[in-house]
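Asks: The substrate binding site annotation in Swiss-Prot covers M50, G198. Among the features that Swiss-Prot reports, ATP binding site is placed at R125, T171.
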Amino acid sequence: MQVDLLGSAQSAHALHLFHQHSPLVHCMTNDVVQTFTANTLLALGASPAMVIETEEASQFAAIASALLINVGTLTQPRAQAMRAAVEQAKSSQTPWTLDPVAVGALDYRRHFCHELLSFKPAAIRGNASEIMALAGIANGGRGVDTTDAAANAIPAAQTLARETGAIVVVTGEMDYVTDGHRIIGIHGGDPLMTKVVGTGCALSAVVAACCALPGDTLENVASACHWMKQAGERAVARSEGPGSFVPHFLDALWQLTQEVQA
């Protein structure tokens, strides 16, 4: 199994494209992370919109550049709105990304996520336990936290990618991104990033945005992981803990975009 590393030139090119296209991202995400997710997208140059009402979700999915479905705080009304948005996204050819939060721990969301897979997501982003559970290999995880190493989920990610046609992202100490054939590994980040709610969920929104960019979607999605890890490292170097990490992280994302435009 060959894992290729993402080059810095590829990442910089993708970030330039990101800022140039400024994707409009329809984020149907969980209640805990909405502000952080929106600010992450804004710092990178995207335009976030948090439209969740069923009557509006379908309409907005048709005009957005990309759609994110995050099941972190799933309810039946929210599932109805998400289903409507995904159906419209497929009809309108809007690329959509699934973040199957805690899919291995709870039956309702597992069944719902499996139902959504039939609408062919452009990308799926989760931790190792979530990806393995979604692929039907294991039902692990400790709530929203993983109990498996990212590398152990690569076979499940490849299977899921081949079955759905999605780019699958497994996040951890090292991130792995695959289309079922190629695998790209991304080093970096810091353990402190796991002590702040929303870093993974925000990454899923950035992944969704990257699916709307021209060029190699696998490399564009891998670049999203690289930007987040780079910004995390910079933020940790300047912060004293989780509380001061967040503003430094957003600043670091912004600075990355300024550097590729210089």
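Glycine is treated like the rest: Cβ placed from N, Cα and C.
Quick one: where do these features end up spatially?
Replies: Non-local contacts of G198 (substrate binding site) by the CB criterion (under 8 A, 6+ apart in sequence, same chain) comprise V32, V33, F36, T37.
The secondary structure of T171 (ATP binding site), as reduced to three states from DSSP, is extended strand. Long-range neighbours of T171 (ATP binding site) (same chain, six or more residues apart, CB within less than 8 Å of its CB): R125, G126, N127, A150, G200, L203, C225.
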Asks: With Cβ-Cβ distance below 8 Å and at least 6 positions apart along the chain, what are the contacts of M50 (substrate binding site)? List them in sequence order.
Replies: C27, M28, T29, Q34, A38
